[in-house]
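As given in TrEMBL:
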TRANSMEM  66-86  transmembrane segment
TRANSMEM  107-130  transmembrane segment
TRANSMEM  185-203  transmembrane segment
TRANSMEM  215-240  transmembrane segment
TRANSMEM  288-308  transmembrane segment
TRANSMEM  320-339  transmembrane segment
TRANSMEM  359-379  transmembrane segment
TRANSMEM  386-408  transmembrane segment
TRANSMEM  428-448  transmembrane segment
DOMAIN    458-540  domain 'STAS'
Amino acid sequence: ALCWRRVMGVRWYAALRSSFPILTWLPRYNLTWLKMDLIAGLTVGLTTVPQALAYAEVAGLPVQYGLYSAFMGGFIYCIFGTSKDITLGPTAIMSLLCSEYIGGDPVFAVVLTLLCGIIQAGMALLRLGFLLDFISHPVIKGFTCAAAVTIGFSQVKNILGLKEIPQQFFLQVYYTFHKIPEARVGDVILGLCCLFFLVMLTLMKNSLGSSEDEIFIHISCVAVRNALVVIAATGVAYSAEVTGHHFFSLTGKTAKGLPPFKAPPLSETVANGTVITFSVFSQDLGGGLAVIPLMGVLESIAIAKAFSSKNNYRIDANQELFAIGLTNIMGSFVSAYPITGSFGRTAVNSQTGVCSPAGGIVTGVIVLLSLAFLMPLFFYIPKASLAAVIICAVSPMIDFRVPVQLWRVKRLDLLPFLVTFVVSFWEVQYGIVGGVVVSGFMLLYIVARPKVKVSDHGVLLLELDSGLNFPVTEHLSRLVYKHALHVSPPRCLVLDCAYVSSIDFTVVHELTELLKQFELRGVSMIFAGLKVELNINRHV
């Protein structure tokens, strides 16, 4: 009985550690880890604040909603996450996806966050993380490149100080060029100066070596460049405003202080008195309830896997799915819009030597302090400076090497890449769906038309290179009739099944019919290399 209780105790503790990953590293936490986590958290915090303000602009929301979305992930993920490096918060891609569905309405954004969180947490509990495996790498790359172009160009209007530019990409391109004569000189000069400064810091960072001093400068460039540009631009804009010169388009009025912790609104009364109910919210969000949760999880888990491989530890994909879902659910209580893992901020976190997810708590505190004390100053942030931050953040996502790599490895993979890339300029969600559909058809074709080697060794030999599933039955029958049954005289056939790992009822039925045809013609069909577990002979 004592031994049984010990076994049960060990099992319960293992289950507890699996559900609350904080229990795996907290007992080993020490002062060295604390020092490194403080440095990493502070560094990421300085990167997060200006990026969060900028990404709210991409989502079409007031800038404070970027900060509302940037702090909850640090606290929740610390308890439930399995990667020490990843940081959760608003990102360029999620902001772009959200802008397609929320129409600049914060209430829609908060409801979307709640529903995304419920869907993601539900997927984790039902162990549905495998669904992400059906989104192929060419689709992801095509979407990422298109999103980077779309996001980057959407900020050109802020660099030029233009207003009333449509959201749809092709209309945006047309009206941006059409309205160039209306560009504000102050915004253009400030935006180009910010871009130049950011590019110079990026080039400086890339030219550094691997010594400790150069690594420190590299981290400093990454961490403070965005904050430095925004602070300097805000100082210039503030000086112009107090002297009565309105040279720049400013962020404008922002809500002061921390967001109230309250249940997300499940209805909204618009200006004309119409009440929008929760069911209407759900219908209007439509496909966003599939695209946004899946892309959020896909982006985050891909980043977590990349850094876990780099730093030699393992992650639990379903636990990551649950952590993101719970972060979104709790984020909806503080008016956040949907979040995911950020590659750029995760890279900064890793490079600064973070030792545990506790670094996210420090980042969360930095964001909360900004909300508590700096919100009045955000009024004077020029939109051109935020646009420069966004353009420099998304430009590395445009990878011109991808089409070349796809061409070298498998040229057919260019098809889902190009479909996703091109269609995403029309509607982002349709680009993803189109790419997944094309990839799915390619996968189904491979299943339905496996490679079959036909050779003659006195008897006819058919060598199969994959499983026998129902889509392949017609193809297999056609080959058998063509090479063995419809020739004169009919020939014996050896079906080499050495590489066949699975079989289904439809195939068994078709093989039975083929055996009857061979018997009628007085020849034989023999199965070779069968695995014991398939036991086709018994079924036939």
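In case you wondered, yes, glycine gets a Cβ from its N, Cα and C as well.
Just so you know, TrEMBL annotations never went through curation; they're auto-generated.
Applying DSSP to the domain 'STAS' (458-540) sorts its residues as follows: 36 helix, 15 strand, 32 coil. Under 8 Å from some Cβ of the transmembrane segment (386-408) lie the Cβ atoms of residues 50-51, 53-55, 57-58, 63, 92, 138, 141, 144-145, 147-149, 151-152, 155-156, 158-159, 191, 194-195, 198-199, 202, 226, 229-230, 251, 344, 414, 417, all in the same chain and six or more residues away from its ends. Listed as Cβ neighbours of the transmembrane segment (288-308) (distance under 8 Å, sequence separation of 6 or more from its ends, same chain) are residues 82-83, 85-86, 88, 91, 93-94, 97-98, 100-101, 112, 115-116, 119-120, 123, 129, 131-132, 135, 140, 143, 282, 314-315, 317, 320-321, 324-325, 328, 338-343, 346, 350, 428-429, 432-433. Contact counts against the transmembrane segment (359-379), taken as Cβ pairs under 8 Å, peak for 66-86 among the stretches 66-86, 320-339, 428-448.
Outside the transmembrane segment (107-130) by six or more residues, the chain places 59, 61, 65, 69, 98, 101, 264-266, 268, 276, 278, 281-282, 284-285, 288-289, 292-293, 296-297, 301, 317-319, 321-322, 324-332, 335-339 with a CB less than 8 A from a CB of the stretch. Long-range Cβ contacts of the transmembrane segment (320-339) within its own chain (Cβ-Cβ under 8 Å, at least 6 residues beyond either end) map to 56, 59, 61, 65, 68-73, 76-77, 80-83, 88-91, 94-95, 97-98, 102, 106, 109-114, 116-125, 129, 259-264, 292-293, 296-297, 300-301, 304. Counting only same-chain residues 6+ beyond the ends of the transmembrane segment (185-203), those with a CB under 8 A from a CB of the stretch are 158-161, 221, 225-226, 228-229, 232-233, 236-237, 240, 247-249, 382-385, 387-389, 391-392. Beyond the transmembrane segment (428-448), the same-chain residues lying 6 or more positions past its ends with a Cβ under 8 Å from any Cβ of the stretch are 96-97, 100, 134-136, 138-139, 142-143, 146-147, 150, 287-288, 291, 295, 412, 415-417, 419-422, 466, 469, 471-472, 475.
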